[in-house]
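Asker: The following block contains the structure, expressed as structure tokens.
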Amino acid sequence: MSVTVKMLVDKVKLDVIYGDDDLLSKEITTSDISRPGLEMTGYFDYYSPERLQLLGMKEWSYLTKMTSHNRRHVLREMIKPETPAIIVARNLAIPEEMISAAKEKGIAILQSHVPTSRLSGEMSWYLDSCLAERTSVHGVLMDIYGMGVLIQGDSGIGKSETGLELVKRGHRLVADDRVDVFAKDEETLWGEPAEILRHLLEIRGVGIIDVMSLYGASAVKDSSQVQLAIYLENYESGKVFDRLGNGNEELELSGVKIPRLRIPVQTGRNMSVVIEAAAMNYRAKQMGFDATKTFEERLTQLITKNEGNQ
């Protein structure tokens, strides 16, 4: 997904001090944001001009203490044609030399009232989400009790129907059929729908339904962290499934591993309730409440007691 300066302006609510439509259409190619420190002293070795340049109180204060000549020299070196934009936080006054250099190099100048660290965090979060490499997987992504659950399985096994039942039970649909996943960092996986499929659910025999229109805004979500994967598969006699919940199967997507449960589909089983329980049980484990561990401790105590009575 490509991101332009205009998209960043709209998302983070920045004020455009200088820049027309052409300058705002410039593409941002990296989520890294630079806060020029040594560059202010004239040291430009290893400088990355392709990054957004963010100036806060420290950078601004140093600039204002320079002579006009030195300020003009530093800003002309710092602002390059490949720089997407220069951003000034805290509504600090824009030096004339900065506007002059931006006009010369064709760079937009943006401003925000937000403190520098918070502004940097907001922009990084947005750019990381947009510029991260996507992987498309087949399945249904649901938000169940605030936790992202990816439901997978063979075609026709009932993933979408299960998703619809979960929506009726008060949970939220994120994506159906195609889920675009990306790593926010080394340990966090996020998922979102393809734009053409947003809020839509395909039910065999019924067709495509608009969940937003039928069930309201509370039934959908634009994106979600993916924390648990559930694979639905047909029950076969003799096939071994985890009965205690102490399995450690994982699914790796975009370099991030998440736990995966395999749940057998059988006539008469209410899959939405089973998946709901699986999500709650996983969350309980994350909070330190492990029913499997409790059972094993009770079993050990019982065995020890029986051995003592012999």
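The backbone N, Cα and C atoms fix where each Cβ goes, glycine too.
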Asker: With Swiss-Prot as the source, which of 36-41, 156-161, 222-227, 264-269 is set down as region 'Important for the catalytic mechanism of dephosphorylation'?
Answerer: 264-269
Asker: I'd like to know which of the recorded positions GLY153, SER155, ILE157, GLY158, ASP177, GLU202 sit within 10 A of HIS138 (active site) at the Cα level.
Answerer: GLY153, SER155, ASP177
Asker: Cβ within 8 Å of the ATP site's Cβ centroid: which residues qualify beyond GLY153, ASP154, SER155, GLY156, ILE157, GLY158, LYS159, SER160?
Answerer: LEU232
Asker: Sequence gap of 6 or more, Cβ distance under 8 Å: name the residues on the same chain that satisfy this around ASP154 (ATP binding site), in order along the sequence.
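Answerer: In sequence order, the residues whose Cβ lies under 8 Å from that of ASP154 (ATP binding site) (at least 6 apart) are LEU232, GLU233, ASN234.
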Asker: Secondary structure at GLY156 (ATP binding site) (DSSP, helix/strand/coil)?
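Answerer: The three-state answer is coil.
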